[in-house]
């Protein structure tokens, strides 16, 4: 309950959260974990995740992300957003496992509600969303990219992307699955979800997880050129088409939100799942050590 109240307070204070300043004709506002730079005449904002070391989507990060996105949605001068990372070598490691391990059911429910909220806002946004994937993008990081209208990925063999939840001993929910199927087709999604496949840039391009792979130093310039192409389309026709393509998938979650939260809370609270998460987190500690 306290978490929910804190989030409502932050959202209510969204217009005051973070600092605003003008930089070389551009406007910017920043929260602790998200930096947004906007270019008024161009109608484009660049949203940078900066939650080091790996841009994990903690409850605080999800809240700040949602607030930043809400600000941009309410700014009628902004037509498109380029989503990228400020952390070297990582786009986003996805959901924060520490939010799903060793907590109480109320925390799990609140966390999952925030994950749902961010996904719905991204996936149904009227703005043009282009992801400049400049690092590794597993699990929830891949989810963020899949929400975008176009995905540009750096051609670096060290970077991978995919919904690899099964490798962690957890299951991607139905709305992750639905979006994956929409993007790469049923058979590819079925195989990738069961195996927890992390695709190299070339493999991701081949199956359709990303739309373009470019040299690492060209990711942002390519994202901008792609954005220019999309901005040439009248907003009303593009937005109606996007809504037509995505509404059924979004509605499928909307009508089952509470049940999905209950299912997640029940699943993640199981001793066997907590044990799997513990083992995975211990492996991560050993790698860091």
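Here the Cβ of each residue, glycine as well, is placed from N, Cα and C on the backbone.
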In Swiss-Prot, the substrate site includes 93, 94, 95, 96, 97, 164. Which of 135, 140, 208 does it also list there?
140
For the candidates 158, 247, 275, 285, I need the one that Swiss-Prot annotates as N6-succinyllysine.
275
Which one of 242, 283 gets the tag N6-acetyllysine in Swiss-Prot?
283
Among 48, 206, find the residue to which Swiss-Prot assigns the annotation N6-acetyllysine.
48
Binding-site residues 97, 140, 164: which have a Cα within 10 Å of residue 229 (N6-succinyllysine)?
none
Work through the recorded positions one by one (48, 95, 140) and name whichever has its CA nearest to the CA of residue 270 (N6-succinyllysine).
95
Which residues, in sequence order, are found in the same chain with Cβ within 8 Å of the centroid defined by the Cβ atoms of 93, 94, 95, 96, 97, 140, 164 at the substrate site, excluding those residues themselves?
56, 57, 92, 138, 139, 141
Around the C-beta of residue 164 (substrate binding site), how many further C-beta atoms are within 10 angstroms, looking at every protein chain?
20
